[in-house]
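Undergrad: Handing you a structure now.
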């Protein structure tokens, strides 16, 4: 069977880092016989510039027809003055919603070669391996009513709605428990059940779902404490289950424990197993076009795609080993460079990983 991948480079550094992931994909195709086809489409600011919308119909149709999606990044200051409905990020949110990509997997793994790049002491972060499972299509980012208005005192007022249904919570909880079963069988659910009724329900439903997974140790933590614990003792966590907004914040916090946000991939999955894969970092418009962006997160996103959407653990492990080898050889992009390493650009890092892949 030939895998069909929709490629959405997006904005900023997106096209540069996606190009390196495609080098790796081409190597898997030419050297290891992976049957794969790719087709490109626009999303985000690039799509708005070309079509007047951040999420063109053609892009949605391509993504629906594809087996999986590889995304670069969206957004940038150029499009910030636009109406909220036309901003690049709305294209990404629309894609998640249309394809029902409800389960966002964000690993935070510290490579042994990069322990010194973390802002925390080596004894605190060495061996870090956390998986954050974030609900992606509900919560305050999608809740209605939302908007801005003038209140009865004549003041401007903004309002959003935090809402989750029982079925939405149950669905993401099952996803998190299943992932925990494949790891170290520990799941910590993050909420604010002491002040928010929505997350009080979240905790109740997670406890109910947990009864189906007696082999997984379930714990609960308020989000403010979770943020503190990620800095104080991050290795206490295995799998963290969060709602949309809490996960958005905590996953970036966890990412910086690893030394660079440029190292971390993510997966957004539908119940069918179809997924969208992207680095967790943004479009970094300040370095776009300079050839210095770190492509590793995007390359590892490709590895996650092969593992989670196509059950191809062999190819995923080949990519992971190739990344490890390139790091062992001392290659570093600017964001992870340190004394005694070889600082290289985006393309050179991609080339080093491809060379290591061929030698695996």
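Note that Cβ sites are derived from N, Cα and C of the backbone, with glycine treated the same way.
What you see is a predicted model, and the numbers here were worked out from it, not measured in a lab.
What Swiss-Prot records for this protein is below:
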BINDING   76-89, 282-294  NAD(+) binding site
BINDING   96, 106, 134, 224  substrate binding site
BINDING   224, 248, 252  Mg(2+) binding site
SITE      141  site 'Important for catalysis'
SITE      192  site 'Important for catalysis'
Undergrad: List the recorded positions among 80, 88, 134, 192, 288, 292 whose C-alpha is within 10 Å of the C-alpha of residue 248 (Mg(2+) binding site), in sequence order, or say none.
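TA: Within 10 Å of residue 248 (Mg(2+) binding site): 134.
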Undergrad: What is the Cβ neighbour count of residue 76 (NAD(+) binding site) at a 10 Å cut-off, with all protein chains included?
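TA: Summing over all protein chains shown, residue 76 (NAD(+) binding site) has 22 other Cβ atoms within 10 Å.
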Undergrad: For the Mg(2+) site given as 224, 248, 252, which other residues of the same chain have their Cβ within 8 Å of the site's Cβ centre?
TA: 223, 227, 245, 246, 247, 249, 250, 251, 253
Undergrad: Say you check the Cα of residue 84 (NAD(+) binding site) against those of the recorded positions 96, 134, 141, 192; which is nearest?
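TA: For residue 84 (NAD(+) binding site), the closest Cα among 96, 134, 141, 192 is found at 141.
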Undergrad: Per DSSP, to which secondary structure element type does residue 134 (substrate binding site) belong, with helix, strand and coil as the options?
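TA: Strand, per DSSP.
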Undergrad: Nearest by CA distance to residue 76 (NAD(+) binding site): which of the recorded positions is it, out of 106, 134, 141, 192, 224?
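TA: Minimum Cα distance from residue 76 (NAD(+) binding site) across 106, 134, 141, 192, 224 lands on 141.
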Undergrad: At the Cα level, what's the spacing in Å between residue 106 (substrate binding site) and residue 252 (Mg(2+) binding site), rounded?
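TA: Answer for this pair: 9 Å between alpha carbons.
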Undergrad: Give the sequence-ordered list of residues that share a chain with residue 88 (NAD(+) binding site), lie 6 or more positions from it, and have CB atoms under 8 Å from its CB.
TA: 10, 11, 43, 44, 45, 47, 48, 54, 74, 75, 76, 79, 283
Undergrad: Rounded to a whole number, what is the top Cα to Cα distance in Å among the residues the record ties to substrate, namely 96, 106, 134, 224?
TA: 27
Undergrad: Are there any residues at least 6 positions away along the chain from residue 284 (NAD(+) binding site) with a Cβ closer than 8 Å to its Cβ? List them or say none.
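TA: The answer is 12, 13, 73, 293.
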Undergrad: Calculate the distance in Å between the alpha carbons (Cα) of residue 192 (site 'Important for catalysis') and residue 141 (site 'Important for catalysis'), and round it to a whole number.
TA: 17
Undergrad: Does anything in the same chain, at least 6 positions from residue 141 (site 'Important for catalysis'), have a Cβ under 8 Å from its Cβ, and if so what?
TA: 93, 244, 245
